[in-house]
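> After the structure tokens below, expect a handful of questions from me.
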Amino acid sequence: MQPLTRTICALFCLLLTLPLTFGSPFELEPRRNKLKIGTRIKQRRPTYAIAHMVLDKTGVKDAIKHGANALEIDVAAYRGGWWADHDMKAKSKGWSLESLFQVIAKENKHIAFVWLDLKTPDMCTGKKCNKKVLQPSKCKENEKCSMKSLQQLTRKYLKPAGVRVLFGFYKKHHARSAAFDYIQKSLGDGEAVCLSGEANKVMEIFKKEGSKIKPQRRVMDYGRTELPNGFGDCNEKGGKTCAELKNGAKLRQKGDLQRVFAWTSHVGEGKYVNKLLDKASVDGIIYGFAKTRYYHHKDTEKSSKDIIDRVKKSKSRYMVTGADKLW
């Protein structure tokens, strides 16, 4: 074979191997597009529509049908264990948490986390209160009414299913309770603590009473039962709902908090939802009835739709699924 012929053959073989090594030139543009799409997804903020006062199986199923990707459950301790219970009165009692968690675990593709709103660091003392409700801080660790028992239930049913857990403490003095102290010392994978209040006060509590809780497990919430009351215009320095949540979002950006949630949006309050998502930059919103357990109704469905529709229109947000990791 002549030298020139050999050279031509060698160059031809080299050209044939280039697509195998570096990819075809025709594939480069689609590959660039995929990278751009992946980058955009990472930059979008995961968003949560959190169904309010889910106390039974019906509430779980209906919330999922409405598009909820997280559930807020009010919980109270009884001698026989933990129950979904909003105000510790006979009419508000729902399912046992053991039964409810089993239902939720099966819906792990839809539910990213469960927010356990602890009602019993404070005791209900009125005449109408259920005297069977116990103070978990006074229960021994091996008793079913203890905080350890509650945590074990979440780890038995929710953790294996990949459903995250948020332990919510509503009042400032709850952070000085034995229940709070136990949880902060025993936080595990997929678990976080939420404190309710103004941004600077929440941070103060986390730094003092909750110093063992890492920033990646700190969550703040703020709101009102009637969202329009004290909402503000989002431009105040603080003291109003939107402004305080906006302050919380700034702390999140600094790395002091992991998530910031607002509450509670009802039907017809879409303009407030828009401001919470667009101006306050919250991570999620509790929605639903103000004082009634969750169930299928045009009002719960519409209030869920307010959140979901706004997220769909946004280029900077997406609705979370059970596959997303919050903390």
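Glycine too: its Cβ is placed from the backbone N, Cα and C atoms.
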> In Swiss-Prot, which of the ranges 16-23, 96-103, 272-279, 320-327 has the motif 'SMD-tail' annotation?
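Spelled out, Swiss-Prot records motif 'SMD-tail' over residues 320-327, not the other listed ranges.
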> Among D56, D62, D87, D117, which residue does Swiss-Prot name as a further Mg(2+) binder in the site formed by E72, D74?
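Candidate listed by Swiss-Prot for the same site: D117.
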> Among the recorded positions listed here, H52, D74, which has the most company in the form of other Cβ atoms within 10 Å of its Cβ?
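Per the Cβ count, the most surrounded site is H52.
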> If you count CB neighbours within 10 Å, which one among the binding-site residues E72, D117 has the smallest count?
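With the binding-site residues E72, D117, fewest surrounding Cβ atoms within 10 Å: D117.
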> Quick check: in three-state DSSP terms, what is D74 (Mg(2+) binding site)?
strand
